[in-house]
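Undergrad: First, the structure itself, so that you have it in front of you.
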Amino acid sequence: MQFLVRMTVFGIRLAPILLVAYWIMLFTGTHLPRVPMPAIRNLDKVQHFVAFSGLAFLLAWSIPTRAGGVWKKAGIAFSVAVVYGIFDELTQPFFGRNRELADFFADCLGALFGVWSYLLLRRFLYRKISSPPLRDKKPETSAGPVLDYEAAINNVGELPGKPTMQRLSS
């Protein structure tokens, strides 16, 4: 996951660049005068859900984790997306669009899904990249690796490149 977090373009982290570009497109798309749309029922709710999923995902990706942990980061991302959803719905009438409570609910659900998607992806990538499976790791103590006594007993007398001796059964 660190490779995703540390990706840069001209020395600037990629996540904030994508967030700013996405947010500008989102603001523009929700504040342009309404254009005729196909008569698909509740299509605008789906659009709000998808748009705010993307916004919340990018917000969660852009916020540094060191601020207080991943859950605090997720809460901040969700809160910012919801506050922007309120702003978005309150300002739309100034641009010839309708204010709808159902759109705001779609924004909130989308923000929740976006943060959840980020957390799920983060967990999957951290598990996949940062640590090998536990069954492949040998346990260690502060004194060094823990010996596998059963394997040592079963391999008594076996040395690399030397013929093996027969083990006495007890």
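The backbone N, Cα and C atoms fix where each Cβ goes, glycine too.
Quick paste of what TrEMBL says about this protein:
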type: TRANSMEM; residues: 7-26; note: transmembrane segment
type: DOMAIN; residues: 39-121; note: domain 'VanZ-like'
type: TRANSMEM; residues: 46-63; note: transmembrane segment
type: TRANSMEM; residues: 75-95; note: transmembrane segment
type: TRANSMEM; residues: 101-121; note: transmembrane segment
Undergrad: Can you tell me which parts of the same chain pack against the transmembrane segment (75-95), counting only residues 6+ beyond its ends and a CB-CB cutoff under 8 A?
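TA: For the transmembrane segment (75-95), the list is 27, 30-33, 52, 55-56, 59-60, 63, 67, 101, 103-104, 107-108, 110-112, 114-115, 118.
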Undergrad: Limited to the domain 'VanZ-like' (39-121), I'd like the whole-number average of pLDDT.
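TA: Here the predicted model's pLDDT, averaged over the domain 'VanZ-like' (39-121), is 90.
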Undergrad: Would you list the DSSP helix, strand and coil counts for the residues of the domain 'VanZ-like' (39-121)?
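TA: Tallying H, G and I as helix, E and B as strand, the rest coil: 70 helix, 0 strand, 13 coil.
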